[in-house]
Structure formats: structure tokens, C-alpha cells
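Undergrad: Shown below is the structure under consideration.
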Amino acid sequence: MTLLTLAKLPVNAKQAVRTFDYDLVVIGGGSGGLACSKEAAQLGQKVAVLDYVEPSVKGTKWGIGGTCVNVGCIPKKLMHQAALLGTALKDAQKYEQWKPAVQNHVRSLNWGHRVQLQDKEVKYLNVKGSLLDEHTVKGSTRTGKEIMLTAKNIVIATGGRPKYPTHIPGAVEHGITSDDIFWLKESPGKTLVVGASYVALECAGFLTGIGLETTVMVRSIPLRGFDQQMAGLVTDYMEAYGTKFSWRSVPKSVDKLSSGVLQVTWTDEQTGKDQRDTFDSVLWAVGRAPETKTLGLEKVGVKLNKESGKILVAADESTSVPNIYAFGDIGEGRPELTPTAIKAGKLLARRLAGQTNELMNYDNVATTVFTPLEYGCVGLSEEEAESRHGKDSIEVYHAFYKPLEFTVAERDASQCYIKVVCKRGGDQRILGLHFTGPNAGEVTQGFAMGFQCGATLTHLKETVGIHPTCAEELTKVNVSKRSGLDATVTGC
């Protein structure tokens, strides 16, 4: 075929006759990117993964080639569980004891990923990827060497990194983030956690749990986007068990004193006055920024949300440029959850391989906050249900219960609570399910499947509970908020 003949062909026909180095190139070696690449290779696609992330401000490097594989979930849960178990060691010794265990577990996971990529014949390249056009990726090594790869399809799954509030003097120079907390040379000591996201509360929870004096600085509300009654129970429990909270406070500066400690100045918005205190560590948990700035997206026409910096994506994860896709944390409006990215990545790989047309269902994705009192949920918060359906069109059933494991230990169970938000009338379809208590993730995961099947309150009540468990209480919930009756569970 001559060049003149090729030029006259329609775009699809040109692509059909053009040869590429790979069927799929994935930029980003996090959990989602790896899941996508391995699934595509398993379906017979020729795949390459470009995995490179700049170290954090403090030099921390995670994952296979720096990417934050499993940073968000596994290390924090490991420390959370370790804190619950407790030891007779002193606080600093606890950190020194558990830190290498967490690091070694993450390293073992990343080694497992490398082995799986080899087994599935996925080409792994520890280079920084950027786009040249809809079929070409440039890879740059740390030494400046460049390689070019062409692909029928390109997938971007670079995720995000913790943000620093660069407008606050001393924040970057003297602060750390959740990327660094497991890799410090010594115990963080007395710690200020700035922010009230699930990352902030989880970090503060396990730091308190291992005996470190910990304060959480909250500008507005805790766990924004979650049910606020449940969020209040989580923070109440944390306060009762030793975590301090500085409410409606805005940090102004961080200064390192001659003694080595950090002096933090903040404004108490309730009084309008400035306050000061000293800490050994300041951990910023004020959100995450998408890793999109160095990808060359705008040069090839990939549209971004100017405010968030995230990529605008359609229901099938396609971007504004043909043959370029994006999913996970960098997709505008997508949940920042590892299992969601993994599932979306696998489905995208199957669609690109022509195996299915199934799209990712982002509704009713279950999640759990691994705070000292765990909080699991799936579906709508009470506030969101009211906003969508109207207060008179929903019914909220609830119960305060006492976990069996709290009884012998004589632990306070006043924040152990269940809430089931239903559509009022008819079969009372369940709109949201919320649970605070031990093993909330395990409980919520099981009930989450019911949401995919259109679970109703009748289905829940017809389910026979397993005795004696906390999950059993969900099958017995029968008191509505509207009734005004006492929702405390009594008896066995």
C-alpha cells in the first residue's frame, strides 16, 4: 500500500493497517494500573507498564518503582490492628518494632506484583511516561535517557499524592504526609495531624493507639462526604480514648525551634485568637493532588477539570482524545478507593480487548474508615438521601448495640451504632447502610452485595442472623428515628 493510498483511508482504516509496538501501554504502576495491565495481558494483549513517581518531598519512595502501591490501605490497617493489640513496649519502641514489619509487608506485595507481571509477560519499564500523541508515549529514565513506545490504546492510571499547603510558611520544610509516616528514622513523637479526612483520622487513631500524644486539627467538619452523624460517633470515640481535637482551627505557620521541636501557630475561628503549641511532628492530611502535571495531557488535547486538575472521563473511562483512557483517582468524579480502581481497570482491559461492553458501576461502592472505632458504609448518607428523595420520603432505622467483645473488657459502647436508610413506602428499598463497631469492613462487605440485588428492608429482616455477632444486629433493626422510640438494643 502506497503512502498516497494510506492517506486517503478513513481514520479507523489507517489504524487498522498501522502497526504498534504494543496493544496497550499503561502509564502508572499503582494498584489500578497493574490490575488493568495484567488483565489485558491475560486476554492476549501485548502490554507495557510505565511506572515512575518522584519521591515524596521527604524522599519516601513506595512501590515497584516509586508508585504508591497499597499506601492508602494496607499499611494504615496494619498499624491500626497493631495498635488495637497493644504491647508492653514503650511508645517509641512500638513504632520501631512495627515500622519494619509494615515496610517488609509492602515490599513483599510489590515483589509479588513484579513476579505476576513477568508471569503474564507484561513489559515493566521504570520510566516516567508522557504523551506525544494519541498513540505515542515518551519514557524518560532518571538519567535522562528517552525511549519511544507506540500503542493502539493508552491508559493513564497515575493516581494522586498527598498535598502540602504551600501557602503556609514552614509546612513543606517541616511537615510530613501519610507517604512518610511509615518510613521515619525514629518515632514521630507528639504529633499534630492537620485535616479531618479518613486518612487524617486513621493516622491519628493508630498514633494514639501506640501511645503517642496526638492532636487532630479540624477546619470545618470531619469525614466530609460521609454521613455526619456517623462521623461524629467516630470522633467522639477517638476523643474518649485519648486523641485530642482542635476544632474550627486554621494553621498559620510552622517554625522549628532551636530545641528541634516544631512550633505551630493557628487561628481558633471560634474565638478569633491565635494559638500556639509545640510538636515533634506535623502530618498534613489535607487532600490529594492528581499526578497529571508532567504527562503532557494538554498538548495532545486531553481535557482536565481546571480546578481539580483531574482528567474528564466518560462512563467508559475514555478521555477527550480517541484511544486515550484514564481511570482511578485521576478521573474526575471517581471515588478515590483502591478496590474501585482495580475493578475499573480490569473492566477497561476487557472492553479494550473486545471481551465485554460492561461498564464500571460507581454507585453503592462500600468503604470503611479504619479508625479506632471502625466505620463502614455503603450507599447514601442520611443527608444525601434527604437531598435526593426528600425527608418525608425516607425512613431511617437505627440501633445502639453493645458488641460482645466490649462486654468482658468493659469498654464503652455508646458509639457503636447501626443506621439503615430506606425509601419510605412500598418494599422500602435500602438506600444506605452505616455501621460503627468492631470489624466494620468485614460486616459492610457482606451486606454490600445486597445493594447490587436491590436489597429492601424486608430482605434484611428475613435474613437469619449469626449469633453472637455484631452483624446480626443489622438483621434485627426495627426502630425508626421518626418513631422517637429508644433505639438501644436490650437483651441477648
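For all residues, glycine too, the Cβ spot is worked out from N, Cα and C.
Among the features that TrEMBL reports, domain 'FAD/NAD(P)-binding' is placed at 22-345. Among the features that TrEMBL reports, disulfide bond is placed at Cys68-Cys73. Taken from TrEMBL, the feature FAD binding site covers Lys77, Gly129, Asp329. Marked as NAD(+) binding site by TrEMBL: Gly195, Ala196, Ser197, Tyr198, Val199, Ala200, Leu201, Glu202, Gly287. For 365-476, the entry in TrEMBL reads domain 'Pyridine nucleotide-disulphide oxidoreductase dimerisation'. The feature active site, proton acceptor is assigned by TrEMBL to His467.
Could you place the listed features in the three-dimensional structure?
TA: Across the domain 'FAD/NAD(P)-binding' (22-345), the model assigns an average pLDDT of 91.
Cβ contacts within 10 Å of Cys73 (disulfide bond), excluding its own Cβ and spanning all protein chains shown: 15.
Neighbour count (other Cβ atoms within 10 Å of the Cβ, all protein chains): 27 for Asp329 (FAD binding site).
In the shown protein chains, 27 other C-beta atoms lie within 10 A of the C-beta of Leu201 (NAD(+) binding site).
Taking Cβ-Cβ distances under 8 Å and a sequence gap of 6 or more within the same chain, His467 (active site, proton acceptor) has no neighbours at all.
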Undergrad: Can you tell me how spread out the NAD(+) site is, meaning the largest CA to CA distance among Gly195, Ala196, Ser197, Tyr198, Val199, Ala200, Leu201, Glu202, Gly287, in Å?
TA: 14
Undergrad: Taking 10 A as the limit, how many CB atoms besides its own sit near the CB of Gly287 (NAD(+) binding site)?
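TA: 16, counting other Cβ atoms within 10 Å of Gly287 (NAD(+) binding site).
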Undergrad: Where among the binding-site residues Lys77, Gly129, Gly195 do you find the Cβ with the fewest other Cβ atoms within 10 Å?
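TA: Looking at the binding-site residues Lys77, Gly129, Gly195, the Cβ with the fewest others within 10 Å is that of Lys77.
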Undergrad: Which whole-number value in Å describes the distance between the Cα atoms of Ser197 (NAD(+) binding site) and Cys73 (disulfide bond)?
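TA: Cys73 (disulfide bond) has its Cα 14 Å from the Cα of Ser197 (NAD(+) binding site).
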Undergrad: Nearest to Cys73 (disulfide bond) in three-dimensional space, by Cα, is which of the binding-site residues Gly195, Val199, Gly287, Asp329?
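TA: Answer for the nearest of the binding-site residues: Val199.
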Undergrad: Just to be sure I understand, if DSSP states are collapsed into helix, strand and coil, how many residues of the domain 'Pyridine nucleotide-disulphide oxidoreductase dimerisation' (365-476) fall in each?
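TA: DSSP composition of the domain 'Pyridine nucleotide-disulphide oxidoreductase dimerisation' (365-476): 40 helix, 31 strand, 41 coil.
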Undergrad: With FAD as the bound species and Lys77, Gly129, Asp329 as its recorded binding residues, calculate the greatest Cα-Cα distance and give it in Å as a whole number.
TA: 31
